[in-house]
Amino acid sequence: MSSRNNLPSKPASPQSLPSGGRGIVKVVLATDTITIRGLKPSANGPPPERVLSLAGILAPRLGTAKVPESEEPYSFAAREFLRKLLIGKEVSFRVEYTTTTNARDFGIVSLPQAIDGETNVSRIMVKEGYAKVKTDSKRPPSDDLTALLLLEEAAKAAGKGIWGAKSPTDGLRSLNYSNPEDPRAFLETYKSKPLPGVIELVRDASTYRICLLLENNVSQYVTVIVSGIKAPAYRKDVPGSDDLIEPYSEEAKYFVESRLLQRDVKVILESAGTNNFVASIQHPAGNIAEALVSEGLAKVVDWTIAFVTGGPAKLRAAEARAKEKRIRMWQHFTEKQKTGLNGADAAFDGVVTKIVTADTVMVNVDEYNVERKVTLASVRTPRVKEPKEAGYAVEAKEFLRSRLIGKKVHVVIDYIKAPVEGYPEERECGTITVDSNVNIAESLISKGLAVTLRHRKDDENRASNYDQLLIAEERASKAQKGLHSPKDPPSYRIVDASENATKSKQFLPFLSRAGMVNGVVEHVTGGGRFKVLIPSQNCKITLVLGGIRAPRPPGRSGERAEPFGEEALDFVTRKCYQRDVEISVEGADKVGGFIGSLWLRDGNETHNVAALLLKSGLATVHEYSALQSPHSRELFDAETKGKESRKGLWSLDRPAEEDEATNKEEEATNAMEEETSSEIDVVISDISGSGQFYFQQVETARKLEELMADFAAFCVSSQPPSSTPFNPKVNDYVASQYSVDNAWYRARVKKVNPDKTYTVLYVDYGNTETVPSNSLRPLDGKFSVSYLPAQAREGILAYLTVPSLDDDYGMEAYKRIRELTEGEMLKARVLGKKRQQSTNSTSTPLVLSLPEDQFQPSVNQILVSEGLAVVEKSVARRYNSSHAGSSKTALNGCTNGDNTAQTRTQPTVQALLQAQEQARASRLNMWVYGDFGHDDDM
């Protein structure tokens, strides 16, 4: 044993106690040395202290952090005996002598009450076998020394303490002064388990050095940060660092030392860092974190509040009381007002109508029937533009959609975020609950699809359940969910199956055979037109409701809405937008759109959206296409109910015939009367570039349907002999098997290719395809074009020059024509025929418009007004010449002069030229750089 236990050479003490008197044992430094503090604090800080070693004894030496193997048997047991005997107790003391070599005080320490007849601590240590008597051979033994020797002999005889060792390893513990090599593994082993321990050092009021007393006599020293709080920093006499003593740090440190230093506590490990652990400290007398906060000696911090065992509510309440009292750290506290709302505006119930982003929704407020945009408070969702987060952004938005869209929610506005760069408007940030108080932000974060926003310390604008959000994030992080996962982030690439006809061909066979397919409505562009996401196929399609025609809503280029067009759009938007739906595909048009039905789910029932529109008088049956639909009877019955109810379109006072007559009368008031040309109802069956297309006349549609039914049956039952060669020539009419649906159609050979394939034109639809020779058959005479002429006629937009697909804005013009015409029955004014030089064919110039829509601009005029087409130069010249009075010759800008109907076309051309001037002035599309050489003569 050594007479020198491992002690600091200069004990940290603000002042020194007198050499004798009474005091409180602050800490047991070694097996024979203690620190005694005064009974009362000094005027300027903690009480004075004195380090005193017990005189007359030698105790076993503890190991050190540098040399833990130097620990002697039973030294820790001796320290523990002395700690439990003295710590926090009032004692009497007297300094007997001070060594000259290291100025170490030795003395007598006595308890106020005797233990087994002894009050002298040195005697008690010797009696219990935790110390030996220190003898001096140069001096005769005193009475005190003799008494000690007698106690030592009795301890030896009884085999107490150090005298009971049977081997050199008896009384030794497994000691580890360093932090665990793998803190996270250590945490996983002991997390949430109350571990017995002794607080050995208080660095500051919220950071401790603790000896954990583990099973199998293992002592593990760890540095612990108390979860949920931060006390003022206290750093003094630390080598290599400047002193830092923040206000109230000494008082806070003394507060903890007087209550917990070398007390038995339970430590609950909650998180691990590189050099420390975050933990809650349990003591029978109470929670030290709550006590510090309530006394204004520590503040609650967000970065560890989520770890607090038992939750953060008590800490938050304690801090609120301290702020209210303006005590210590809060003496200059001024409460900041939240930038929120008061009264009824701050909390409301409503129905979620739209998921704007992964953290923002639109809510229709029940009381006022108005929509409010609400952003989730204190939540940061994944960013779409960040490659590592984009996939999670998709999942986060889908999470909100699947749980909120169409649901009744309760909203509490927590604060209003002021406009910042990128967000020019104020944002109402709030807490949203759904389905019996389920907090949607907390659910989102718990799935790893968002994180909690870290606010500034003084920022009171935060979610009302901010601590719960932090806790949810910690759980998600531990479970490695979503954004916290070490795996590669998800990637979503959605294919637009309606981008063009080629894409739609690839998906049509599956979709048409699949029956009901689950989908989500992403966009609603009209009463009967939707963009639908089909997750199972990782694609989205344009779906046009078959069998009906919905009135046109307000559109671009000044297009006026048809009656009840906006109501129809609102109707389907409310019912369908972002909802789970089922679709059935019955066919596809020639520009990539899919024709079919859309079904809404309502519990165990489904509702046909087309039928809902018809019953509400917000659509009419398109007889030709309705007859092709497997749901035709339902559609006709629904329209009948709509008519009987006099709703929507059926509530209009004037029938369509009266509107048409009125429109014609108004047109007759134009300065230059336009002679009525022949008009027909058409549908566009195929669109190519340069404003060219194929159209079918509606009046002959039934004949074509009957022909094709007979033709299909004939082709199935009649197989040509395999030995019969069939080598058609250019312009021969044939039967061709269409690659998309493997059905047979009438076609004309346009080209014989060197590889024995044939390029054919399907004469009843207008689309072109290259097929192998085995997909061709001779066309039987009873299905020839002499029996029923080819139903697809080539047309062009009258008076216009439209850029080709290879030219600038050609694709934009193509898409706009497709958008305006696909799926629509159009009114076409026929203006003769025109030879197309590019294709060496004859086309029919048409002015296209929606039926019963004379007040609206034609498709021709819309393209010109948007800078996607220009008026032919020859047309413009003739109009200008006629308008100037130099010639009275009737204009016909769309003909070659031989086979045209002579018409007075000035009103149509005038409107086109006016639209062109507006597009030029606005620098729209083709006019973006001003004049481009089209009309130099103008």
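Glycine is no exception: its Cβ is also placed from the backbone N, Cα and C atoms.
Taken from TrEMBL, the feature region 'Disordered' applies to 1-20 (among others).
According to TrEMBL, the feature compositional bias 'Polar residues' maps to 1-18.
According to TrEMBL, the feature domain 'TNase-like' maps to 19-165 (among others).
What TrEMBL records for 193-332 (among others) is domain 'TNase-like'. Averaged across the domain 'TNase-like' (193-332), the predicted model reaches a pLDDT of 92.
Within the domain 'TNase-like' (346-486), the DSSP-based counts of helix, strand and coil residues read 39 helix, 50 strand, 52 coil. The feature domain 'TNase-like' is assigned by TrEMBL to 346-486 (among others).
TrEMBL lists 515-652 (among others) with the feature domain 'TNase-like'.
Among the features that TrEMBL reports, region 'Disordered' is placed at 646-676 (among others).
Per TrEMBL, the feature domain 'Tudor' maps to 727-786. Helix, strand and coil counts from DSSP across the domain 'Tudor' (727-786) read 6 helix, 28 strand, 26 coil.
Annotated region 'Disordered' per TrEMBL: 881-901 (among others), in sequence order.
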Could you give me three numbers for the domain 'TNase-like' (193-332), the DSSP helix, strand and coil residue counts? 42 helix, 53 strand, 45 coil
